[in-house]
Amino acid sequence: MQFSGRKRKKMRLTGDQRNVCYPHSLQFTWSHLLKAYLDRVESLAIDRVKLLKAVENLGVSYVKGTEPYQSKLENEIRKLKFSFRENLENEYEPRRKDHISHFILRLAYCQSEDLRRWFIQQEMDLLRFRFSILPKDKIQNFLKDSHLHFEAISDEEKSVREPEILASSPSLSGSKMELELESVYKIPFADALDLFRGRKVYLEGGFAYVPLKDIVAIVLNEFRAKLSKALALTARSLPAVQSDERLQPLLNHLSHSYTGQDYSTQKNAGKISLDQIDSLSTKSFPPCMRQLHKALRENHHLRHGGRMQYGLFLKGIGLTLEQALQFWKQEFIRGKMDPDKFDKGYSYNIRHSFGKEGKRTDYTPFSCMKIILTNPPSHGDYHGCPFRHSDPELLKQKLQSYKISPGGIQQILDLVKGTHYQVACQKYFEMIHNVDDCGFSLSHPNQFFFESQRILSGNKDIRKESIQPETPQPKPSVQKAKDASSALACLNSSLEMDMEGLEDYFSE
């Protein structure tokens, strides 16, 4: 990387220049990266994480393409102020936000195969939605601007192959009139494999004849290939990113980020008594915490990972420091541990998690993403996410012991098979509370608890009095991530180095 003392000349784009920068409400090639204000980078990226998680949740809760799916996703996009429709006024900033946030998440989500797979799938679903609402007269321009050089056949050629195209393309419903009004593209067979697998396209001479209605499948294939390659190339630059201890925690926070309510502030401190915990564990604990409580009661001990995950959860639902010390000490003594040994070896860690020792950091209860993506359990451990880390057969037995119906168990296992672990937990919530739609997107074990208590108390709102943005769950080795300005400055320089072939147009 080279540095220059010369100031970069600022340029301001207006009118048609802005339209040229972002001609469409959906992005495909992302051929350049715009320079953003440094203090906005993380907030833009977090908004996109929220959007992609909404895309995932809606995709398994509704049939993609149906009216409820389309309307709810449109509402999410509107709420987060991203671009989604053509011909809307003042679309430059939403499209610019869409562009920048995508690139930031490329850096954050290229770090593992699981992250890349999740990111690609959600971006594809988002592109599918945006393409589905793209006006017909804009589609050809979009294909051209995206460098997808598909050849539309002539009316004469279409007329010759009319019977075969109608018979092979379910989207046309066998309507000759519809075919006459529809463009048909001649595309190499290898680019239309998904349509071929579904027997939804006419093949001849190594080419697929694809109606405009089905072109989205081809667009998505091209998009997946380009994005997958881009993520692989970005991953190769990670050593340079990881060498800066200020930047890596920022990217880790984005890839594991929780974007909901902050449960580190104890608005409910003291409202839960120790005598209630056993009862609450079967009524209102998510499976991850329910299994930790059961293991603690049976073994009178938990390893460090389990103590951290469960201890912070209990802190978040209202246990005070004094209650936590009493709870853990009573249980460990039942396991024949000497009280003095507990005081010397374990009480410090409990006080530390409440911010009373060490750096005085008030630790945040673990979110679902943190539990799923970090510190997987090994033999003898009970922490982690049962939907992510349990063998399917063992998970099935566990759900049976929780009195979940066979049909419900199969629904949950199907979601787990599709790697929708948080949605599987949400489905479990709906089943044990006998509700058709819980009305929220589950992202935190403490959210599970408070929503459960709200339902069980007759819809009386007992949730926290204030909702604040979550602070990243701190680790001793990454506290410097709080120096946001230096981390974001490093992120900006890293973007310039890592995004090969991209241009910085301007800063505003």
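Note: Cβ is positioned from N, Cα and C throughout, glycine not excepted.
According to TrEMBL, the feature domain 'DNA primase large subunit C-terminal' maps to 279-449. TrEMBL lists CYS288, CYS368, CYS385, CYS425 with the feature [4Fe-4S] cluster binding site.
Surrounding the centroid of the Cβ atoms of CYS288, CYS368, CYS385, CYS425, where the record places [4Fe-4S] cluster, the chain contributes additional residues within 8 Å, namely PRO286, PRO287, ILE371, ILE372, PRO386, PHE387, ARG388, TYR421, GLN422, PRO445. Mean pLDDT of the predicted structure over the domain 'DNA primase large subunit C-terminal' (279-449): 92. The Cβ of CYS385 ([4Fe-4S] cluster binding site) lies under 8 Å from the Cβ of CYS288, CYS368, ILE371, ILE372, TYR421, CYS425, each of these being in the same chain and 6 or more residues away along the sequence. When other Cβ atoms within 10 Å of the Cβ of CYS368 ([4Fe-4S] cluster binding site) are tallied across all protein chains shown, the result is 25. Taking the Cβ of CYS288 ([4Fe-4S] cluster binding site) as centre and 10 Å as the limit, one finds 25 other Cβ atoms among all the protein chains shown.
Taking all protein chains in view, 25 other C-beta atoms sit within 10 angstroms of the C-beta of CYS425 ([4Fe-4S] cluster binding site).
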